[in-house]
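Novice: Mind having a look at this structure? Questions to follow.
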Amino acid sequence: MFHQVWAALLYLYGLLFNSMNQCPEHSQLMTLGMDDKETPEPHLGLWYFIAGAAPTMEELATFDQVDNIVFNMAAGSAPRQLQLRATIRTKNGVCVPRKWTYHLTEGKGNTELRTEGRPDMKTDLFSISCPGGIMLKETGQGYQRFLLYNRSPHPPEECVEEFQSLTSCLDFKAFLVTPRNQEACPLSSK
């Protein structure tokens, strides 16, 4: 009888613990579904960088002086190629243009992007419940970080809270939110 009561108590404790632990399993992160089309149409257009998370602040240091970043994702000149243009507004007001070329790796449903000229860098796309939001995981030589982007420069605060909660569960304890106090720099067409 004692063993049955003890087993029932342990079972109830386990249920209670699991209900309080809101962290999803890493495998439960939903990758963005892409079919085998040449470009991921829904992901093209303007995006604003909102926040980043990493195991350490050193992996987010590149964003220390950033006030805001606006990106434009466009289809590239070749199949399965994406052109990314950005302008970075630094905290001291300077506009810094950047551009990258991404290559979608082969395979139906694959969401892995490779950055041209940076063979060590891999980018995976994930969906989040935040309206107009997308989450990227960048992995390179000596760093890994999650980045939150949104179609709006000022998404609801719940989006940032959800992102921080999710990444914290994955042991990405360093967190950075861009201030977005200044006007975004205009995007260059070059």
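From the backbone N, Cα and C atoms, a Cβ is placed for every residue, glycine too.
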Novice: Which one is it, Cys95, Cys130, that Swiss-Prot ties to Cys185 with a disulfide?
Specialist: Cys95
Novice: Identify the disulfide partner of Cys159 as annotated in Swiss-Prot; candidates are Cys23, Cys130.
Specialist: Cys130
Novice: By CA-CA distance, flag whichever of Cys130, Cys159, Cys169, Cys185 among the disulfide-bonded residues is nearest to Arg145 (tetradecanoate binding site).
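Specialist: If we rank Cys130, Cys159, Cys169, Cys185 by Cα distance to Arg145 (tetradecanoate binding site), first place goes to Cys169.
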Novice: Check the Cα-Cα distances from Cys130 (disulfide bond) to the recorded positions Cys95, Glu138, Cys169, Cys185 and tell me which is shortest.
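Specialist: Of the recorded positions Cys95, Glu138, Cys169, Cys185, Cys169 has its Cα closest to that of Cys130 (disulfide bond).
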Novice: Reported as an integer number of Å, what is the Cα distance between Cys95 (disulfide bond) and Glu138 (tetradecanoate binding site)?
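Specialist: Given the Cα positions, Cys95 (disulfide bond) is 23 Å from Glu138 (tetradecanoate binding site).
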Novice: Expressed to the nearest Å, what is the distance separating Cys159 (disulfide bond) and Cys185 (disulfide bond) at their Cα atoms?
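Specialist: If we compare the Cα positions of Cys159 (disulfide bond) and Cys185 (disulfide bond), the gap is 23 Å.
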